[in-house]
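> Residues annotated as FAD binding site in Swiss-Prot: Glu49, Arg50, Gln51, Gln52, Gln53, Phe54, Val55, Trp56, His57, Gln68, Val134, Thr425, Leu426, Leu427. The L-ornithine binding site annotation in Swiss-Prot covers Lys73, Asn257, Glu258, Ile259, Phe260, Asn287, Ser428, and the record cites similarity to another entry as its basis. Among the features that Swiss-Prot reports, NADP(+) binding site is placed at Arg243, Asn287, Tyr288, Ser289, with the record citing similarity to another entry.
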Amino acid sequence: MGQYSVESHENGEKVYDLICVGFGPASLAIAIAIQEMLPEARPNVLFLERQQQFVWHSGMLLPGSKMQISFIKDLATLRNPQSSFTFLNYLKENGRLLDFINLGTFLPLREEFNDYLQWCASKFANLVSYGETVTLVEPVKNNNTGKVDNFVVHSKVGGIEETRRAKHVVVAVGGRPLLPKPLPEYHPRIVHSSQYSSRVPQNLTDRNAAYRIAVIGAGQSAAETFSDVASRYPNAQTTMFLRGDSLKPSDDSPFVNEIFNPSATDKFFQTPAAERHQQLVENRATNYSVVRLELIEKIYNDLYVQRLRDPSGASWKMNIKNHTEVTGFKNLSEKTVGLQMTHRENGLETVENHEFDLVIVATGYARDMHQQILDPTRELLEDATVARFPINRDYRVQFSGEKVSSDAGIYLQGCNETTHGLSDTLLSVLAVRAGEVVESIFMKSASNGHSNGHSNGHASKVSAKKAEVYTNGNGHNGVTSNGYH
């Protein structure tokens, strides 16, 4: 497994065919696609990962939490149902296939899907350099052609700087935790949901203490942490703050779910920008600020039992305050946080100050970490002043054809929702998308070029003969989607 090999050099320096920045599900799907689509070409590939080991939503692997997506939308099945990297083959290899079938579900535990991802990642351990943070990607111009034909990838490992060169770079760094503006980026008592499982027990060590806990957010992660923390600390006062009027169920009905089909990406990309924005707004109920209905019903039942046992509300441990958002922050101590909460309803505004022992923030992620990493490459764009890096359908950054060789390029993963649709940050299209990226990098014809960036066909059309054309390479060590969708 993961046997990419044979080195290429330029002026005595090793040049990789591809370096992937980040080794989460997106890059892992690419690793699988390379192995299956290029069985003979064996390109020279390296994956760089900031974490010390493969991890996927480790902060939200809560007891009993399930996936929100069918296991069939794993890292390989939709591209190659016969792949050895399917979830079903993982079950077979681990002796649980029949037992899982007996469960009668398409939604495995998140814990099990994480184990599946780690199982896949272990096959490429020799192609990954863990504990390495990429800081910058710089273009390298060929003095003979005057065009950029490779890139220098700068990284740090334990304070030591590393540089490597690659013809192609895939940036799949996931999202960074997004906090409401009044809150500081770091405070020991403010925890983003992505760090929930590790930091909450560190901060709240007494399971029986009467802590004051706030949960900010209205989506799946907010609801899960609200329910879980109330269960972990039964004597705590836990309050959930929503900007809207209530927790709303996610829409995963069959017709709506078609927006997550791989073919929907083509349609969305070809849609005018104004219409794309409108479609994203219309379909927010599939992914943003929504909760699985069964969890909503559980929370409602918990609140109902409180009301049954104490109609006065004096002893209630769980509360939801709607139409309320954070408008101020005060650092009271290392163990206490002061929040100013503003309630707006029916044209009236009420401001309240609260003290909490812990604030859990589940307000999503920003998908902009690639901007700083790729800043030196902006000079290669037709317009270096644009806010976002423009990309083609095949996820390749639209650099000027006069500045960058057609045999070099940068690809973005998981930060293209405005051009490729709601599925871009999710698991839904990873298998097919990985095939498209691999085909664009290693199998593109001259007609693909920089002008349109479209891949001519999908993985099923790739032939072994096509694969033989490409350079062999010698690998060093073998991506986030953040959503569970």
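Every residue gets a Cβ built from N, Cα and C, even glycine.
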> Which of the binding-site residues Gln53, Arg243, Tyr288 has its Cα nearest to the Cα of Glu258 (L-ornithine binding site)?
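Looking at Cα distances from Glu258 (L-ornithine binding site), the smallest one goes to Tyr288.
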> Compared by Cα position, which of the binding-site residues Arg243, Phe260, Ser428 is the closest one to Val55 (FAD binding site)?
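Closest by Cα: Ser428.
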> Roughly how many Å separate the Cα of Asn257 (L-ornithine binding site) from that of Ser289 (NADP(+) binding site), to the nearest whole number?
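Approximately 17 Å lies between the Cα of Asn257 (L-ornithine binding site) and that of Ser289 (NADP(+) binding site).
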> List, in sequence order, the same-chain residues at least six positions removed whose CB sits under 8 Å from that of Gln53 (FAD binding site)?
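Non-local contacts for Gln53 (FAD binding site): Tyr130.
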> Near Ile259 (L-ornithine binding site), which residues of its chain come within a Cβ-Cβ distance under 8 Å, counting only those 6 or more away in sequence?
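The answer is Phe268, Asn283, Thr286, Gly421, Leu422, Ser423.
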> Suppose we draw a 10 Å sphere around the Cβ of Asn287 (L-ornithine binding site). How many other Cβ atoms does it contain, all chains included?
25
> Using Cα coordinates, what distance in whole Å links Lys73 (L-ornithine binding site) and Leu426 (FAD binding site)?
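It is 10 Å, counting Cα to Cα.
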> Please work out which residue of Glu49, Glu258 has the most C-beta neighbours within 10 angstroms of its C-beta, and give that one of the binding-site residues.
Glu49
> Have a look at the binding-site residues Tyr288, Ser289, Ser428 and say which one has the shortest Cα distance to Glu49 (FAD binding site).
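When the Cα distances are compared, Ser428 comes out closest.
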